[in-house]
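Pulled from Swiss-Prot, these are the features on record:
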- ASP7, SER8, TYR39, GLY40, ASN71, THR72, THR195, HIS196: substrate binding site (BINDING)
- CYS70: active site, proton donor/acceptor (ACT_SITE)
- CYS194: active site, proton donor/acceptor (ACT_SITE)
Amino acid sequence: MAVGVFDSGLGGLTVLSAIAARMPDLPLVYLGDNAHTPYGVRDADDIFDLTCAGVERLWAEGCDLVILACNTASAAALKRMQETWLPKDKRVLGVFVPMIEALTERRWGDNSPPREVAVKHVALFATPATVASRAFQRELAFRAIGVDVEAQPCGGVVDAIEMGDEILAEALVTSHVEALLRRMPHPEAAILGCTHYPLVQAAFQKALGPQVTVYSQPNLVAESLEDYLGRHPEMLGAGNVSRFLTTGDPERVSGKATQFLRHPIRFESA
């Protein structure tokens with residue numbers, strides 16, 4: 001009954017932690033592609049190939065349902081995977097869906113015409129690849145009208161977080177927020193469009209100010225997954241053991257993950 005969680009590095013651990021807190025009896029298999037992180041600077045074909053390889057590894061662990069806990073993979077690869085590659089008995093879900101649902105206050109299956117929503121000015125902070133894909137703007141346009149989205153590619157933030165350099169990460173966040181505010185001085189909401197960013201959410205909130213509502217993905221994704229599994233229990237795979245896998249050096253990744261989440265995590269080689 002295991003569910004797979006895939007990310008290019010360690011950011012997806014924020015999503016896994018939220019899922020585990022909400023569904024403590026659900027076995028989860030995490031795969032971090034630390035050998036190839038970060039994805040945010042790669043081209044779409046490269047991201048597609050790496051993501052498919054990661055998802056196939058999780059299928060081998062008995063995970064028929066895999067969460068792409070990586071916005072770059074969700075933006076650059078998911079649609080193509082679902083249309084051209086995915087077997088009928090498997091599911092791959094991205095992390096954009098719950099965020100769009102929360103922002104537009106409508107369920108993903110609601111295919112009614114786009115309508116006005118309360119929030120009119122949205123700041124999007126994401127990796128360069130996610131911003132370049134325009135996937136967030138595209139999905140939002142299907143569901144809402146009259147929403148102005150200003151996107152800021154946040155180069156360097158993921159690298160700083162993966163290195164454990166909180167001071168550098170927070171300084172970069174401040175710089176990126178200031179750059180966006182020069183173009184959109186008064187956003188009403190901010191989307192943290194990378195699963196690494198919840199670890200520096202306080203820095204985003206401080207730089208944006210208390211008047212801006214910051215949407216962060218882990219809890220939204222966990223809530224959405226619980227709802228999905230309630231409607232599709234057949235998608236629980238045969239796996240029954242929680243594991244942490246990495247394409248990188250397990251010892252090094254374990255140390256960084258432990259620092260990342262502030263509790264011990266032991267990774268194995270994928």
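Every residue, even glycine, has its Cβ placed from backbone N, Cα and C.
Shown here: features listed in Swiss-Prot, placed on the structure.
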| residue | record | CB count, 10 Å |
| --- | --- | --- |
| ASP7 | substrate binding site | 29 |
| SER8 | substrate binding site | 32 |
| TYR39 | substrate binding site | 25 |
| GLY40 | substrate binding site | 29 |
| CYS70 | active site, proton donor/acceptor | 35 |
| ASN71 | substrate binding site | 33 |
| THR72 | substrate binding site | 32 |
| CYS194 | active site, proton donor/acceptor | 24 |
| THR195 | substrate binding site | 31 |
| HIS196 | substrate binding site | 30 |
If I take the alpha carbons of ASP7 (substrate binding site) and CYS70 (active site, proton donor/acceptor), what is the distance between them in whole Å?
5
If you run the three-state DSSP split on CYS194 (active site, proton donor/acceptor), which class comes out?
coil
Sorry to bug you, but what's the C-alpha spacing from CYS194 (active site, proton donor/acceptor) to ASN71 (substrate binding site), rounded to the closest Å?
5
On the three-state reduction of DSSP, what should I expect for ASN71 (substrate binding site)?
helix
Name the secondary structure element type, per DSSP in three states, that contains TYR39 (substrate binding site).
coil
Give me the Cα-Cα distance between THR72 (substrate binding site) and CYS194 (active site, proton donor/acceptor), rounded to a whole Å.
8
In three-state terms from DSSP, label SER8 (substrate binding site) for me.
coil
Length of the line joining the Cα atoms of CYS70 (active site, proton donor/acceptor) and SER8 (substrate binding site), in Å:
7
At the level of the C-alpha atoms, what whole-angstrom distance separates SER8 (substrate binding site) and CYS194 (active site, proton donor/acceptor)?
11
Maximal Cα-Cα distance (Å) across residues annotated as binding substrate, namely ASP7, SER8, TYR39, GLY40, ASN71, THR72, THR195, HIS196:
12
